[in-house]
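Annotated features, as they stand in TrEMBL:
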type	residues	note
DOMAIN	18-350	domain 'Kinesin motor'
BINDING	Gly97, Gln98, Thr99, Gly100, Thr101, Gly102, Lys103, Thr104	ATP binding site
COILED	359-386	coiled coil
COILED	427-475	coiled coil
Amino acid sequence: MNDLTMSTRKKTSEATSNLRVAVRVRPMNGTERSDKCSNIVKVDKSKNTVDLKSKPFGPFFRVYDADTTQEQIYSDLVSSQIKKVIAGFNCTVFAYGQTGTGKTFTMEGGRTDAKSSSDDPSTGIIPRAVEDIFEQLESSGCEEYSLRVSYVELYNEELFDLLASTISEDRERLRIFEDVNKKGVIVSGVEEVPVRNRSDVFKLLQLGAEKRRTAATLMNMHSSRSHSLFMVNVVVRENTHTGEELVKQGKLNLVDLAGSENIGRSGAQGNRAKEAGSINQSLLTLGRVIRSLTTNAQHVPYRESKLTRLLQDSLGGSTITSLIATMSPASSNFEESQSTLEYAMRAANIKNKPVCNSKVSKKTILKEYSDEIEKLRRDLRAAREKNGVIISQESHEEFQKNTEKCRELEQQLDYAVDGLRKFAEDFTHMDEQYKKLYDRKDQLEDRLRERIRDIAVKEKELVETNEKLDQHIQTIGLMHTAALKTYEQLLKSRDAAEEMETDIRAFWNKVDEMGEADNRNKETVDSFVKQMNLFINTISKQADSLKNEGIADSKAFVEEMKPEYQSIESVSVEITKNSEEIQSTVTSCFQKAVEIEKQATDRITKITEENHQKWDIVLKSCTDYYKAHSARSDDLNKQLVERLDEIKKQVSDFSEDVRPLLTEIRNTTCDAVEKRQEQSAANIKDVKSTCSTMAASLKVLLSQIEQLSVRAEENHEKQLISEQNTQESILSTLNTAENVIQSIEDMAEDQCDVREIDESAKSDLEGIDLDLETTVKEAREKASEREAEAKSVTNNLVVEASANRVEAMKSLYTFVESCSGNSEKCMKTKEAVEKKCGETSNKMVSLLNKYEEHSKETIQAAAAEVGKVHLEYVNPAGNVPPRIIPAYTMTAEQFSPPEPEALLGEKEDVDGSDEDELAKKKRRVTSFVRRDSLLDTTNVFLSPNAIRKRREQTIDEEEDIEN
Ligand SMILES: Nc1ncnc2c1ncn2[C@@H]1O[C@H](COP(=O)(O)OP(=O)(O)OP(=O)(O)O)[C@@H](O)[C@H]1O
């Protein structure tokens, strides 16, 4: 609307600039992905080019790939244009591209319900731009401004107002007409809604989007088939020094074009075809306009479509224009993408000459409007006055034209009046803002007055304080001197501290190094510990598995051995049983032996006693015989002595002859006894060997039997000894008897020989001989009887003993047999057990070998790991320089800093009533304090040189500096 009013104004133009064309490639959508389309677009941001199937397009102003955010695009392309709009330029941003490539997404954003761009990163250019306008107006301190937005839709070459209060299919279409002064097109009747804040704009955007949807439903149209144009008018008022009110005006057009796809490809028919034709008409005209503009054609066909008429000023006009060409990366859209890029390339060559709308005073505008209205009224009247006259055909046609013109003028008039009304509204709005500002100014003035009063009070206080200050200055001077000394000291300390700091830094570096080394060591140790844990786990697993294997093997072995053990057990039971049997058999044998022995002993004793008695009788009768014949013997002896001497000689001769015979008899008897003894010894030896065999075979188990056998042996020996003794006594008895017989025989023989000498004695001797013979005979008989008896007893004993021995031997053989059977069994079992043991031990050995091998490997691995462990050591004492803290001594110069009085001036008038003096004094004090301050303005300690320099400056110099 304001194009019209501004047409007569002077504009400031900028240099010619090309259309800023950017290309945006959206991400692949679901359909493209499911169709397995390939990506044929490559964006080169450094060169600002786009390769389509390796064919390069560009360079463009900017190129954006699928990852580019809405925020990046806005700040790159649009943000700078907002500044221009506020400065009074007209700017246009439009999005061009195939359906579904992200035009609406780029212009409006992902959501229409977002309250601000911070709510939703997908917020598009339109909401961001309006937000930005408000922000920039507020931050520039401009408080008198007015914003109006209008939102129209172009569909089938018809314009619809998206912010109108009602909407219906037969709603009033908006009309476009040329500005009278040929300075642009005017959309008559469009709502220009004033907005006061960003939330108003978001509401209008939502309303527009809602209306667009409703219209689409009502008219069966598709958003991609309509173009939408969002316009923001910014009016800013400024007051000059002279109080004149100036107004500057800028406009932002944000255009979302319909899809540029091929109609043939879309298969549109009927309404769709018409609709597509209309779209194409607009877009084709847009293309032609662009081509005409870039080929410097004489005629630019702006008027051939409403779209190009609306964008007339933006294409090759005075508007700053940006175009965003949107495209898909998918191979399925190759043709459309190619056409879009070609379109964009062409558009990039369009040249605009941006012009800034000049600031106009309120008066001028009002005058312009009233002049315009007056002129229009005049024109209208003039046109109307021609009505009702009878005219010719030509005149009628002219009349027709006039009527048409009249109608147009009426519309223009309406538009001008409307513009004036809006202008007045804007002014009222700005007046309201102004009133608010005025009120604020009054408030600020009140506050200023209060401040001035406060300042007066404060100044009074300052004078008093100043006086006190003077008193304090002296003290401060002294303190200052002391402070300076301290400061010098401090500086020294600072130097030392700096050195110490260097040391400490070196130390901390070292500590850091140590820490890092420690961390590395820790890592190494950790990894080592991990390795070791792994190692231990492996070992323990192996040990477990070996253990389990061993246990399983042992169990199996035990299971296998069970029957063997049972058989061993049965064998041992058998052995025990056998040993018991043997024991009982041997015991019974020995009992029998003892009995026999006892019987034999009893019999022998009895026989011996009987023999003794008999022999006593025999001896007694012999003794009696000898006693009775001793006397006679004495006599005879005498007779005999002589004879005996002779006989002695004869006897000795005889005995010499007989002795070998007797010796032979004795030897024979002795041989018989020895034989018996040898036989007994052999028997004993047999028993002994049997017993020793038994003892050897039975060893521990048969120790009892051994003892028994020893006892039996002893008993047997005793029995044999007693038997021997009996035999010997018998033999000796026999010997004695033989001797007696011999002597008697000898004597008898002697008596026979000396028959002549003693014939009387012969008869006596014969009687004695007869008696003796009888007695001897009896004795011999009895002795032979006893001998036979003893022999039979001995034989019986021998028989019984041999029977017992045979029995014992039998038992022993049986036992030995059973033992050997058992021992065979035992041996077999032992062999089986040994075999099993061997197998198991072999298994165990192989397991242990395996384990040893594993262990060796693992230990080698662990040793390798251990070998890898390298602990670092950082010598804490290394590289740390030796520290010498410098001793501090004060120089004479340090003791004599300038006196405060000298700085202040000795006899200064400190009367606070003199404002200049007070100010001067304040400055002196300030400069004194500042000059001798140890700190600079950023609170950093000054070097002694800097302080010295400050001190050397005179107060006057400082004053000059301050002034
Ligand atoms: N850069 C992008 N990032 C993420 N999604 C996008 C992008 N561009 C487009 N889209 C998505 O693609 C779909 C189509 O986008 P949009 O409606 O903006 O296309 P259009 O060109 O305006 O289509 P039409 O011409 O039919 O109006 C939307 O769901 C939108 O969210």
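From the backbone N, Cα and C atoms, a Cβ is placed for every residue, glycine too.
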Highest Cβ count within 10 Å among the binding-site residues Gln98, Thr101, Thr104: which residue is it? Thr101
Reduced DSSP state (H/G/I helix, E/B strand, rest coil) at Gly102 (ATP binding site) is coil
Quick one: mean pLDDT on the coiled coil (359-386)? 70
Within 10 Å of the Cβ of Gly97 (ATP binding site), how many other Cβ atoms are there? 29
Just counting, how many other CB atoms are there within 10 A of the CB of Gly102 (ATP binding site)? 21
In sequence order, which same-chain residues at least six apart have a C-beta under 8 angstroms from Lys103 (ATP binding site)? Ala95, Tyr96, Gly97, Asp256, Leu257, Gly259, Ile324, Thr326
Counting across all protein chains, other CB atoms within 10 angstroms of the CB of Gly100 (ATP binding site) number 19
Cβ neighbour count (within 10 Å, all chains shown) around Thr99 (ATP binding site): 19
